[in-house]
Amino acid sequence: MMALMVHLKTVAHLRGKGDKIAKVTFRGLSFYSRVAENCEEMAHFNETFRWPIASKLDGNEMLEIQVYNYSKVFSNRLIGTFCMVLQKVAEEGHLELTDTLIDDNNTSIKTNVTIEIRYQPMDGMVGVWSDGDFLDVPDDRDGTFSFETDSLLSGQSHGSGTSPGRSLHGSIPTFRKAGKGVFSAMKLGKIKSSRDDHKKDEPAVLDMEDLDKKAMRLAGMLEPDTISLASVTAVTTDVSNKRSKPDIKMEPSSGRPVDYQISITVIEARQLIGLNMDPVVCVEIGDDKKYTSMKESTNCPYYNEYFVFDFHVPPHVMFDKIIKLSVIHSKNLLRSGTLVGTFKMDVGTVYSQPEHQFYHKWAILSDPDDVTAGCKGYIKCDIAVVGKGDNIKTPHKANETDEDDVEGNLLLPEGIPAERQWARFYVKIFRAEGLPKMNTSIMANVKKAFIGENRDLVDPYVQVHFAGQKGKTSVQKSSYEPIWNEQIIFTELFPPLCKRIKVQIRDSDKVNDVAIGTHFIDLRKISNDGDKGFLPTMGPAWVNMYGSTRQYTLMDEHQDLNDGLGEGVSFRARLLLSVAVEILDTTSPEIISSTEVQVESVSNISESATGKIEEFFLFGSFLEATMIDRKIGDKPISFEITIGNYGNQIDGVSKPSSKKKKKDGENEEEESELIQNSSEDEADEDGDLVSVSSTPPMKPVITDRNYFHLPYFEKKPCIYIKSWWQDQRRRLYNSNMMDKIADKLEEGLNDVQEIIKTEKAFPERRLRGVLEELSVGCSRFVCLANKDVNQAGRTKLDRERLKSCMREMDSMGQQAKQIRTQVKKNTVRDKLKMVQNFLQKLRFLADEPQHSIPDVFIWMMNNNKRIAYARIPSKDILYSIVDEETGKDCGKVKAVFLKLPGKKGFGPAGWTVQAKLELYLWLGLNKQRKDFLCGLPNGFEEIKATKTGPGLHSMPPVGLVYDMKQVFQLRAHMYQARSLFAADSSGLSDPFARVFFSTHSQVTEVLSETLCPTWDQLLVFDDVELFGEASELRDDPPIIVVEIYDQDTVGKAEFIGRTFAKPTIKMCDEHYGPPRFPPQLEYFQIYRGNCTAGELLAAFELLQIPFDAEEIRRALIAVHNFAVPQIKIGQGGRVDLPPLEGPTDSERGPILPVPLGIRPVLSRYRIEVLFWGLRDLKRINLAQVDRPRVDIECAGRGVQSALIQNYKKNPNFSTLVKWFEVDLPENELLHPPLNIRVVDCRAFGRYILVGSHAVSSLRRFIYSAPDKTSNNWATAAKLMNGYMVLTNGGPQPRSSPSLSPRSFSRPAGDIVVNMDGDPPVRKMDTVVKLDAMSDAVVKVDMIEEESDKDKKKKKKKKKGGMEEEDEPDESVLDWWSKYFASIETLKEILRAQEAAQAEAEEREDIEIAAETAGSKTKERGKEKKNSKDKRKGQAADGSERRPVKAKVDELVVYNKELESEYGNFEDWLHTFNLYRGKAGDDDEHALDDDRIVGRFKGSLCIYKLPVSEEITREAGFDPNMGMFQSIPHNDPVNVLVRVYVVRATDLHPADINGKADPYVVIKLGKSEVKDKENYISKQLNPVFGKSFDIEATFPMESMLTVSVYDWDLVGTDDLIGETKIDLENRFYSKFRATCGISSSYSVHGYNSWRDPMKPSQILAKLCKDGKIDGPHYGPGGKVKVANRIFTAPTEIEDENGLKKQTEEHLALTVLNHWEEIPRVGCKLVPEHVETRPLLNLDKPGIEQGRIEMWVDMFPMDMPAPGPAIDISPRKPKRYELRVIIWNTDEVILEDDDYFTGEKSSDIFVRGWLKGQQEDKQDTDVHYHSLTGEGNFNWRFVFPFDYLMAEEKIVISKKESMFSWDETEYKIPPRLTLQVWDADHFSADDFLGAIELDLNRFPRGAKTAKQCTLDMIRNEQDLPTISIFKQKRVKGWWPFIARNENDEMELTGKVEAELHLVTAEEAEKSPVGLGRNEPDPLEKPNRPDTSLMWFLTPLKSIRYFIWHNYRWLILKVLGLILLLLMLGLFLYSIPGYLVKKMLGA
């Protein structure tokens, strides 16, 4: 049994008396010792602990011993800890040691512990170390070891002054790496030892021969030549504790405008809320709006319209733009329409999606004016954002199913809930300080004269943008310290799909407001969406704003910086704000339903809320100022450092006028008094400490032609600044800890990549080390960050962030441990990817959203003008007593490069260094100030300021004087550079390098006309003086800057790029010899701005010049009260410098070559060149190239091709192969580039350079002899097709899944078929392992394959209508059937791949999570899986019911170019682009295409001499052809090229209406075919379905261009996009790309064989060419080819259905499996359709659409091919749909009777087919239905054209009266039926509707009773029918409408009959509309109330009124009569009275 025993003997040097106890932990299991009582100095434990262990002890496991003070009452107090890695124990089995403990702060304490460890493994597993394994290395500390684990495992502390690993005991194993940074040495206690005993591995010197060949190609990495070999880690590793890393990239990357294209397809909308609406969709991005067309009276419109928006803006401006989709109801020219709902999302969210796109997703609409309402409908759309160089992989567009699961495909990023809630976002703005002047003083003086008071010159207000809305605070008139105390409230859905809130302080002005400063709040950083997450919250906290310099000028050239574009160059202001979010409860009544922005005032917050104000102290010392740009002029130069407004002398503080003059305008008066006189003693100590923020001006001294330096020499100026800030250091400390962990991780990962890239051994060990470091770092973070939790001014975000960071770090540490155990040699790459995710997460976590101390700016001043600056984050230089928390540059010397501000820094101006400073900075609390000088190089005296005073001793120095100086000699071994930037118009450069070190500079010679100069030159810098202690300099030399220039005959040399390096240092007492010397050449990446511009191969050594005795004596006298300088003299007295060899080459004059030990070891190689031809040469200086020649040069040797006599007639070379011999380095990584140049030979012996190409990596052309025993494909040479083919990276395109790497070997030798991967399309393949010469049977059973496919077909839900069960008939099948079936297969494969990937990821996540979190996540994983399985199950059930499909032959649809699948067809013929002209400086050289002036076709083969005999002895070996045997001849050949263009997708719109009228143009050589008359009107997804035949002659006409143009009625047609295909490479390729091989052979029908050669002929030819045996056809359907036997059926049917015997099936089977044939096999190109991107030169790098096509080529000397396949688009079939509306029932009653109030309805039914609203048909009206019953017997007839395969109706109509021609639309077949209530005078009322998708709609109910809402609600679960199969259907269907609450309600039922007939049938049996002839329907039997409508009112009156009210009527009549009589009476009485009285 294995066991680990630990004998704990004693613990000594304890402090104080007391009881002690020890705890020993291993593998998480702890034992406690007994209590040692009353021990004083020493505790004797003398106990043994034993752990039985089951698994073998890993060398990386840890043993931990902790010693405590024991207490019975209180908890034990830890005295110290001892950790050790059990590496040595694992190897030796026994170890005794005494070592010190370390305390919490990782510092070593005196107490030590003595232990003995024994490990008893299974027998004999632990070896004994033999000392011979290791080299003895002197005490060597220049980072020759980059530690595998840097955790401080024992008493080595950073704090104690010894740098780690200084005192080494025992032997040190080391690995040599090229140069420094040996990658695997490990720190174990104080012993460095190798990992895992190395089993006697060779040291990983970069020698290809010694490399473990298996490690050589780790799992087929990227193409070797695509990887830059320059070391990522050259400068950035090996940085010890006094110097920090320089930043390599110079140019600011943000703020540069870039091209973006946003394409949005609005497909359809569903479930829009509202009745009978006419919806339009408006797409808005930023300020651009585009509208779809209007669809009438529908709430589920189908649009399928495509919009493209082009932008040219900086990235973050683009990503902040809001995409807004809104649906507007009934918009027209006159009115704007009413908004139904909107959806908002920022562009950044789309861009961060996989593939930068959402595809076929449903956006949820919500109403911004009513937050209480729910969803207003859905829009289905595709959104894609393409930046330059992104290529979008569109999922393949095929028959789209319309049964979309809306809920499952919402347009939301992963992880956002579907039901988003409304929330309020409160942004509180409290106050600001430190604002700059925003007006000129002249104006102020004028005002002062008039008004008599002095006003502040700024009127600030704050504006906040969020989610497309903006709100602003009030304006505070003239105040530098405005106080607002207002809050801005946004109402937005939560979580929002907009990532950033933009807060801007603006200055209000009468003319135009300008921004003062801008700050972005990233919501992802102030919230956490995890289970234990928190809502966005922030502050109250100060945010700092940066922007342009503070001087006010009218036209501020850097105004963009204030708007947040680019990096701010100066502090502008600080703003106190807070952010909070509350989720709204939309049900509460008092809620404000609008989402308008509101502004309210809030109460003030206390001063202390943001933290206690502390006094900070910033110290800086300038050790060196060099590389100052000469353009500045030689006026004196000074440097100013500012932090906030402190230290800014020119334009710093704007003093507020209103109050008393406050201290630097920083805090309220009372506070500042407090600070000033806080404590008396402090006050007199530095009360009079005045900040010194700038260095004294000094005149620069010339370094060389381009640069000055300042002559500081031993006097170094210093600055110091006191400033007051809220003490929020804790935030920065946590950030720093995470940053440091991340830096270490990044460095480790770079190392691992470097190891993989340079193919050294054991990358997995280094990765394990990196993970070990990470987990230690994480646990350290958790224990440190937990310290102080109750500090003033801690905000909610601080608390939550701390919690979540600790959780994240903890889990990351756990996962790192977990992954560490899984790292194996073969999993390194995957795990590396995972760890890179950690790195991103760390960087994200480390970014602190709540600022505290502003950044530090360093400005170079000249003549009181600010010239150039550097910005250093304050956290990087912040001091803490805990080492991990200190900023990475605090108390260290950092090389800082100054750059020009703002836009000046873009482009060429930004590449030149303005100045390089060696700068030391320290920032910390004033009270911690005592350590501020401790990081400086030792050996200086301080110079104090001149004035004297009592507190002088504590004053910081204003300067330092170094009295120690070391003298060195620097040797720069400049060997060569490669892939340099082309700086001249010839496409070449004349490069030279300039090396800067300290104040010295030297240049190499200029090499003319090359991009790959080999200078081979040693530059010697003598007497370089460096100040400081020798030992420190040894660890920390300053960096070397190398700049590379292009020499021009006139004018200044042009900058090409720059790189940085660290020299290897030898002190004078060290021996010059291995392992460190002589140094090895190393690659350094050259940068030009942010782009790479080549690589430099060089080595640098810095050698100390020894002292002589006299100097030493003087030095001792010179030193006054100082320590004696450390003058070291080696053991044997002095060691002189290694000698320099003199110039060896007499021709080169006094130039020293790189010495022998450093330059690479050379061997003799032969380079064979295959010259094939030149193509597409452009004119040079307007003259055509006529007699070109190719010159090949490598390492000074070369060869010239034969001259092409007449380029126009034949551009191929007459002599094919030439060779030359050359001395190349043994190490392949150091091979020089090979230059290809094409010159044109003109008359009179003139030569003109046409173009050139540099092959920077020759590796893929190195030929290695086929190794008999090798089973490793990467190193075996392949003789394919008899062509000798170069392997390493050549022909097999590694990326493609369908071409698996295989081994090849000699024709005679053993045969190994090793099928690693296989085309996913193949259903069944047999994997065969063979012995030599055996005959194996490869059985590919076609029958089984078919049945397999059938099974699959059953499972498939194939939507294509072309093989229904009632049409299995061959005649129906056409090429499109095949195409659509293939697309289904493609989609299925893609889906399967995605699912497999997702599953793998899920599994991995679950594994890791399970290790860390236990079972919780597992459960969740299970649930996820279950739900997935359920869904799968449903799908399967659904599909089981589908009928069995007929078998359709398929082809292969590639969703990319064929070239990318087959390695550009460069299997033996390579194409080299020739460049000429200056390289463009646009981003990452994207414009190199403009520089291409032609192409050279040929190949190279490189091999070491002498070559092995076997090859040359082989039969038929042609010595003239060298390694290129049996290559076809390059005479002209005539070819018939047949181009099939299937269709184009997603074209870029070319017309104003957002559409295009595309047609195809095909060019080949001089011939051009324009298909202009057949343009397709207004279509962005045109189906062309055409084939074109062109005759061509290779090589003259070999570049085929297929373009899509846009037809215009007026003016020229515009190019939409084009694609180019090199036909020649396809024609000659052994993949046989002339005519694709179909999967089955038939002689007639849609799948007939296209090639003029039958399969058997092709097979015979292949066998003959490849010199293999066969084919031998045997009985019983067998064929034997080269000891493989294949079987297949042998019968074939001809047109008449007769069976014939044939061998073609057999031959075809072999061809389809040709890749299994040994030695010559490869995948032959199958019958296919390729998808090629269309590109347009005006919009480089952005796809303008894609085209699906394929090309067949037939040589004219062969039999002519048959006619082209007909792929013309399917014509839609004409159908007629007859709908009879029989009855309705239960229709809701809408009208009230005037008199009786009774409810009734006048019902009619309206119907139409979607897209044909104008042809809508209505029944007659059933008046006055009292029960909702209506009888109609009415027939609708809808004729339409239908495409079965795509399931779409095709409609052609003119868009508007102005349209030139009809536009074709494809619309899903949907029948809409509506029920209405007719009104005479007002508009008819809409009652309800139903929409039936004719392909799948629910079966009608048998009776009205059974007809319910569920038929619609549960549509997914009910069986559906298709009218195209059923032909006739009758039943009841429900009418539905939505009520106010948006619920569906039943508004009626209709009994209808649907009858579908084809056009022919309709002609035979016509029917009438309505109830008309022919075939009339009988009249409906309607009840009495519904007769003639004009009588109806009278009848109704009689009927109702008389019955109910007759008595009332009679009484009323009587009453009227009475009144009448009374009236008459009164009327006549006066007359009568008079008569009577008068008695008349």
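Glycine too: its Cβ is placed from the backbone N, Cα and C atoms.
TrEMBL labels come from automatic prediction, so no person has curated them.
As annotated by TrEMBL, domain 'C2' applies to 1-99 (among others).
Taken from TrEMBL, the feature compositional bias 'Polar residues' applies to 148-165.
Among the features that TrEMBL reports, region 'Disordered' is placed at 148-170 (among others).
Residues or ranges marked as domain 'C2' in TrEMBL: 242-363 (among others).
Look at TrEMBL and you will find 406-537 (among others) tagged as domain 'C2'. For the domain 'C2' (406-537), DSSP puts the residue distribution at 14 helix, 57 strand, 61 coil.
Annotation source TrEMBL lists region 'Disordered' at 652-697 (among others).
What TrEMBL records for 666-688 (among others) is compositional bias 'Acidic residues'.
For 952-1077 (among others), the entry in TrEMBL reads domain 'C2'.
Per DSSP, the domain 'C2' (1148-1274) is made up of 10 helix, 55 strand, 62 coil. For 1148-1274 (among others), the entry in TrEMBL reads domain 'C2'.
The region 'Disordered' annotation in TrEMBL covers 1287-1317 (among others).
Taken from TrEMBL, the feature compositional bias 'Low complexity' applies to 1291-1307.
Marked as region 'Disordered' by TrEMBL: 1345-1368 (among others).
Look at TrEMBL and you will find 1399-1408 (among others) tagged as compositional bias 'Acidic residues'.
Annotation comment: TrEMBL describes 1399-1442 (among others) as region 'Disordered'.
Per TrEMBL, compositional bias 'Basic and acidic residues' is recorded for 1416-1442.
Annotation comment: TrEMBL describes 1518-1636 (among others) as domain 'C2'. As a whole-number mean, the pLDDT of the domain 'C2' (1518-1636) in this prediction is 89.
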Discussion item. If we skip the immediate neighbours and take only residues 6+ beyond the ends of the transmembrane segment (2005-2027), which ones have a Cβ under 8 Å from one of its Cβ atoms?
Written reply: none
Worksheet entry | Contact check, the domain 'C2' (242-363) vs the domain 'C2' (1-99), 3+ Cβ pairs under 8 Å, seq sep 6+ | no
Discussion item. What does the DSSP secondary structure composition of the domain 'C2' (1-99) look like, as residue counts for helix, strand and coil?
Written reply: 6 helix, 60 strand, 33 coil
Practice prompt. Using DSSP, tally how many residues of the domain 'C2' (242-363) sit in helix, strand and coil.
Written response: 14 helix, 62 strand, 46 coil
Worksheet item: Tally of helix, strand and coil residues over the domain 'C2' (1518-1636) according to DSSP?
Response: 12 helix, 53 strand, 54 coil
